[in-house]
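Colleague: Here it is: the structure, laid out below.
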Amino acid sequence: MKKFFARNAPGYVFLTPWFIGFFFLALGPILASLYLSFTRYDMVADPRWVGLDNYAYMFEKDRRFWKALEVTFTYVALAVPARLIMALGVAMLLDKGLRTIGLYRAIFYLPSLLGSSIAIAILWRQLFSADGVVNQVLANFGIQGAAWISNPDTSLYTLVVLAMWQFGSPMLIFLAGLRGIPRDLYEAAEIDGTSKRRQFFRITLPLLAPVIFFNLVLQTIEAFKTFSSAFIISNGTGAPADSLLFYTVYLFNEAFKFFRMGYASALAWVLLLIIGFFTAVSFFTSKYWVHYENERD
Amino acid sequence: MTKMTRRQALGTIGAAAAAATLPAMPALAADRSIRHFWWGNPERDRRTFDVIDVFQKAHSGIEVSGETIGWGDYWTKMATQTAGKNMADLVQMDYRFLFEYVRRGALLPLDEHIGNGLDLSNFDKGPLSGGMVDGKLYALNIGSNSQVVPYNARLFDEAGIDADVINWTHEEFAAVCEQITSKTGVKGSDDNSLMIESMEAWARQNGRDFYDADGNVSATAEDVAGYWQYWADLRDAGVVTDKNMTVILDKPMSESGIVTGASAMSLYWSNQLVAVQSLMSDPIGAAMVAHKTGGGYGQFIKPSMFMSLTRDAKDVEAAIMYMNDWINAPDATSIIGLERGIPANPDVRAALAPSFTPAEKLSVDYFNAIQDKVGPLPLPAPKGAGEVRDNFMRTGTEVVLGNMDVKEAAALFIDDAQSIVDRAR
């Protein structure tokens, strides 16, 4: 034990700001929300203990809770792979050793910095509205575009496209990972006459697995927490017809629009369990598909 | 740039930080201070801060700090402050939230101050009674309004419409929509399928308030189905705006049909006529929500905003002084104008009249014209009404998109609405 701390001391020192923030700022509210999830609390009157009622209502009666889960899961299933593929593709292009690589990295990272902002969500709404830019461009090719955002069948996909476009941070991590792959492996493969395609599947992907795993976990958590874009594009309502009712949008509305703080806290804890579950699944299955270079077995 | 010493730099940062927090803190010079919290827009905020300046000049020694935020976040912040026992001394209150806040003990009654700091001798009785809960006055009316159908007067002229827009019926409204669309190419009206206030007016015309005295849903599925069918027919005839515009909920005013030019009529509250006009170059007119032949009155005159005294008020006397100036002092009322609705003090109205802009004149004329065509103020909606509104828009969206049969959707909505108010109890 002593040895463990001695070895890791610098790490803990660097973590102190986070620990201070966690113990003094975050822990209290987290525990309070756990307590509130067993109460009925409208922020004006005092909280009233209701036991497991909130959770029971959620699973047994609340149709919108299930709808929110459906929307969120669909989004996660589409947006995470789409974003990762996009990020890996761009990272591989940039890995070709261009001279102005720094500039390109910055340019490609830009959408991710902007992406979480309110301005981009508003821009997205303008782009994809019935008479928006996208449809005007399509009209030039004689295609009659749909009302992307006001049609419940397509509104979610506009957000998946937005997610794809925000590939910056996984891209940077992929880029670092690609740089870490020893060049001699590719040279050896070239000499053996291995095709580029085969090099990708036999060298790049396996050696990149730890990085892919890292990105997958991070992006999945991120995707479950998507809020601002859906909130802005649907004016905070999840409309049309609840097709943009992301879990977090529903949670926000329950808490701050209908003042059901207790119920919203319960929703928050269920979301935490869901994210925890998927992270755990990724970790436990990772040994079958993630191989670390310095592993000895 | 010259180099600063460490001490200078810290001093500058400190001063900047102090300056940044200053507006929220009462100045130390004043011995008395009050906080006023309202939901607003840039125009309203400007006027209110001007009133605060005037008040502070007239009552030296009292510092007023104004806090403002948009409607959407106002109730969130208000609930948070209430929970933290840190409410502003004076808050802007809305009719639908009044009972909730009174019942939870968040507001103080004003009765003991009437005639004793608060002069209500020259105040219309109707608007006054809207702020009473359980026989006590908890909220002072600072403006009244009613629903209005603003219309583009240029398009009405072009299409040669000469309808009586105060007394018109649903059939006449439909005919006007048809005429405008065929003559001008612009749609007659926005599609109001998702506007619950308009549906409630429809139900009242059928003889029922949406909620009864016990807070249960008393409108029927037939009322709702009739309403949705009326708009579905107009939609099918192509004389109202496209469904893609309709299903975008809670659009800002700048995206409404009348402002963008997509239609000739929208639906608003009468104190918003000035704001609608300010976004348009064509002149506007003001029409009532159409009537049902032989039916009851759909519209009513409603307090658009109140001012209330909270239980966290520290200097009640100063707060009452501010409240009194707000409704009686000419230099304050002339700044407030009609922006929050029609003032309930006849002297104030008379003093404002000579300097009206055309849009302000329009809203006063409209207000006078509808006085005997409106029903009584319904009881405030029960808890959960906000959620019922959301549900109405959601279910209505399915109808507008053609995913649901009108009758089936209406029955589902009425069921849902009742379970929402049940759950909120």
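Backbone N, Cα and C atoms are what each Cβ position is placed from, and that goes for glycine too.
Keep in mind that TrEMBL annotations are predicted by a computer and have not been checked by a curator.
Okay, so TrEMBL annotates it like this:
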TRANSMEM  A:12-38  transmembrane segment
TRANSMEM  A:73-94  transmembrane segment
TRANSMEM  A:106-124  transmembrane segment
TRANSMEM  A:156-178  transmembrane segment
TRANSMEM  A:199-218  transmembrane segment
TRANSMEM  A:230-252  transmembrane segment
TRANSMEM  A:264-284  transmembrane segment
Colleague: If you count Cβ pairs under 8 Å, which stretch among A:73-94, A:156-178, A:199-218, A:230-252, A:264-284 touches the transmembrane segment (A:106-124) the most?
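Modeller: Between the stretches A:73-94, A:156-178, A:199-218, A:230-252, A:264-284, A:156-178 has the largest tally.
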Colleague: Check the transmembrane segment (A:73-94) against each of A:12-38, A:156-178, A:199-218, A:230-252, A:264-284 and return whichever range has the most CB pairs under 8 Å.
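Modeller: If we count Cβ pairs closer than 8 Å to the transmembrane segment (A:73-94), A:156-178 scores highest.
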Colleague: Among A:156-178, A:199-218, A:230-252, A:264-284, which stretch has the most Cβ pairs under 8 Å to the transmembrane segment (A:12-38)?
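Modeller: That would be A:264-284.
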Colleague: Same chain, outside the transmembrane segment (A:230-252) by at least 6, Cβ under 8 Å from its Cβ: which residues?
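Modeller: Hits for the transmembrane segment (A:230-252): 64-65, 67-69, 71-72, 75, 118, 121-122, 124-125, 149-153, 155-156, 158-159, 224, 264, 267-268, 271.
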